[in-house]
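Record features (TrEMBL):
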type     : residues  : note
DOMAIN   : B:99-308  : domain 'ABC transmembrane type-1'
TRANSMEM : B:12-34   : transmembrane segment
TRANSMEM : B:105-126 : transmembrane segment
TRANSMEM : B:138-161 : transmembrane segment
TRANSMEM : B:181-200 : transmembrane segment
TRANSMEM : B:240-270 : transmembrane segment
TRANSMEM : B:290-311 : transmembrane segment
Amino acid sequence: MADKLLEIKNLSIEYNTEIATVYAVNGMNLSLDHGETLGLVGETGAGKTTTALSIMRLLPEGIGEVTAGSILLDGHDMLKISEEDVRNLRGNTVSMIFQDPMSSLNPVMTVGDQILEVLAIHNENVSKDELNKKVDQMMELVGIPANRKNEYPHEFSGGMKQRIIIAIALACEPKLILADEPTTALDVTIQAQMLGLINDLQKRLNTAMILITHDLGVVAQTCEKVAVMYAGEVIEYGRAEHIFSGKYLHPYTQGLFNAIPKLDEDVKRLETIDGMIPDPTERMEGCRFASRCKYAKERCKKAPDMIEIEEQHYIKCHLFAESKDKNAGRDEKDGR
Amino acid sequence: MKNKLLKMIIKRIVQSIIVVFVVTLMVFLLMQLVPGDPIANFLGANATQEQIEHYTKIFGYDQPVLIQYAKWIQGLFHGEMGRSVALQKEISEVIFQRLGVTMSIVFPAFILAVVLAIILGIVAALNRGTIIDSAISFFANIGMSMPMFWFGMILILTFGLKLGILPTSGYVAPKDGIGNWLLHLILPMTVLAMGPLAQFTRQTRSSMLEVIRQDYVTTARAKGLKQKTIIFRHQLRNALIPIITIMGVQLGGMIGGTVLVESIFVVPGLGSLMISSIQGKDFMVVENGVFIIAVAVAVCNLIVDILYGIIDPRIRND
Amino acid sequence: MQEKEKRRIKLKKISNSRVARVLLARKSVVACLIILAVMLIASVFAPFVAPYDPYKQDLVNMLKPMSFEHIFGTDSMGRDVLSRIIYGGRVSFTVGVVSVLLAGSVGMMLGLIAGMAGGIVDAVIMRIMDAMMSIPMIIMSLFLGSIFGKGLGNICLAIGISMIPSYARVTRGQVLTVREMDYVTAGTLCGASKIKNTISHILPNCVSSNIVLMTMNLGSAILNEAALSFLGMGINPPTASWGGMVNDGYKFMSSNPVIAIAPGIFIMVVVLCFNMVGDALRDALDPKLRGTLGKGKKKKIIKQAI
């Protein structure tokens, strides 16, 4: 267990405002090995971005607050260490690729300077020449000619900007990248390119990655592990092949898969999951998905536990508790 | 890159020349509206018919309006504005000397206002919602609403008459002692800087708060930069852009404000020259004065635009 | 058709009340509105409110300090300062409202013409506006005042004209943006003439930004009038005006400062109130700021964060 890169335990995050308290993340658990790629899937409002921001301790100040749990990143307790220590980790050990390349670059700084900046802050002893060389390298690495480093963000296209942002994120060869929907703002043709690039660089630098997305296709393409988030908690976690095989699936994940249009079937209407994500300003007892779940029963008023349904495949649902319980019972007997 | 900036500057220069030209036309036409004969007005009720005719000829008022205008413009190209009877001097000489005095108040006051406003604006934005923020915003609102002449009067009352630590009137040229010059400048500068200081402070505060919410600031934080670096390198440079856009207007306003400041503190600048000429119905000085002020404002705006082009790379592409 | 008309009126009412709600939610704005209302009423009903005749000279009682009889003392001619301040409010409010209405209506018209006509008409109008703007407002109104002469009407005219360019600019900018909007194109496609389009689609869109500008300019018009009167080029004495009163009191500042300070405070308070209301109105009407006000602001941040 010691060699886990990231371990999130029982994490809860609230946003406090004058009007209401929003329970964005509720008792979330997640872990990640070195060099591993995890797809974090879920619909808007599930708490994906909040989780990512909390890993870097970048929650909006004075509003977002971690109320419980712990985040261990590369042996550092992210919620306890000093602000200076966090700064040293940001950009260096963990970095983030943001959703919207259009607004994530400073419009009044050359792109070269913006890459140089992150290198300079984490490599104080390296000479300026060497840092500049590294900037050129990074730009070439993401496929932009180094001679364009004196240009400003507005002179680049959206895809190019995202390449620059990737260069910034990878410049210090971090151990973990948090990619927050890195392709949603881009054209479909560029999406694939960008994913390929990120994947390629990640393999080359042996970097772990959490890819936040609501696109299961993207996950299938790039990720080894998948975590499905719903209303602030992880309801299913497992290896990508297990999840995509579809043998055991949480009803919500099932719904997500059904909502994908299939090429080989003639469908008139796309399937949807009925209802809405529960009101995040209310604290909930029991299974959060129950109100939308077609298998919902009386027992769902009690919160289900995480069950390992097959090797390294966990589901948080009462449906699987029965079969597992029998197994568990048998195990117990055998044990005696 | 450099070429784009140069192109922009040239474009702006051409625009300013057109504007100044329209100003001359406008001022000249408006002067035609002044009721009565300008010479008779100027000479007063006791002037004889002969005197009036004599001066009308000297000043060329007997010629057609268009010729008069052409002559004025032609003179301006040669730096000649004619002679003022009341002042017994070449108008251009007086105006440029007065302009120097005025600018020696306007520029330091402007710089004072900008620097102080940026500091106050940042402090207010960083302490948003606290008592510091409220205090700064309150004073900015007061500063914007205060009549300039009244504020000057209160300063004279407290620092001059009650405390007796600062001179309350007059002007000393820098060559007669820098210290003395500065001492005489303190009060006029403070009064002139007050309004723009308030405006810039409000603008800095609001645009800093606007910028804090931008994605690139989150990017900067995610890089592990120090708070100070984020504020000055990322936030401030972007927040400055809207401040620069109001700088031109404020500079113009300050040049106008010298009319009041110079008359309160008895400074022999362009503003007080305008007042005395209007009161003395010396319209030739007035019309040339307005022209020079328009040129000064155009030049200030040009400088601001260039500054804008340097700070915001996007503007160079237009 | 009637149904539609009713719905339109209803919608309008909702949007107006929304603005009112936003305005009234700020305590400072409510305070400003009350202060302005009190001052306006006092100056309109000055003969009933003022304790003394503002023009009655009483040389025995000149330059009296503050007292219960004369709250702000008496001036160099023995006139009650408070009464003169109450009467002076008439000048300030009149100049403010008249000059702003003048500037607003003429400026808006010029901006509309420039924006709709384009080409040479646009160029000529806007170059004149640029030229007017390159002369600082106070110099412009001084200059115009020197041509028109002193007096209330002329001062309103001078200050009004000097404020025209900002309205023309704002309106033209709005016209250019709105003109490209799809619903205007839709109007054209339905066969609406240029003039009809202008009146039914473009004009209403320009009004709100001009109203904000007008509210904000009320303060600067009043400041400008005060400055002109202070310089002795505004309202003719003995008519009471706040700027003129400061000028009168200026000479006696060391012996009796209150004569000059009191009217200045009134100028400041009125201008401050107009500025605050203008700010709030801008925030309430600016669609860009919608949803970022007060409570909504944090909601938006949360949405982004999640």
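Every residue, even glycine, has its Cβ placed from backbone N, Cα and C.
Note that this is a predicted model, so its numbers are computed, not measured.
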I'm a bit unsure how to read this: which one of B:138-161, B:240-270, B:290-311 has the highest number of Cβ pairs shorter than 8 Å with the transmembrane segment (B:105-126)? B:240-270
Can you find at least 3 Cβ pairs under 8 Å between the transmembrane segment (B:290-311) and the transmembrane segment (B:12-34), where each pair is 6 or more residues apart in sequence? yes
Chain residues in Cβ proximity to the transmembrane segment (B:181-200) (below 8 Å; excluding those fewer than six residues from its ends, i.e. six or more beyond): 104-106, 108-110, 112-114, 116-118, 120-121, 139-144, 146, 148, 151-152, 155-156, 159-160, 166-168, 170-174, 243, 246-247, 250, 253-254, 257-258, 261-262, 264-265, 267
So which residues does the transmembrane segment (B:240-270) touch in its own chain, when a touch means Cβ under 8 Å and the partner is 6 or more beyond its ends? 95, 98-99, 101-102, 105-106, 109-110, 113-114, 117-118, 148-149, 152-153, 156, 168-171, 187-188, 191-193, 195-196, 199-200, 203-204, 207, 289, 292-293, 296-297, 300-301, 304-305, 307-308, 311-312
Give the nonlocal contacts of the transmembrane segment (B:138-161) in its own chain as ranges (CB under 8 Å, at least six residues past its ends). 120, 167-169, 187-188, 190-192, 194-195, 197-199, 201-202, 205, 257, 260-261, 263-265
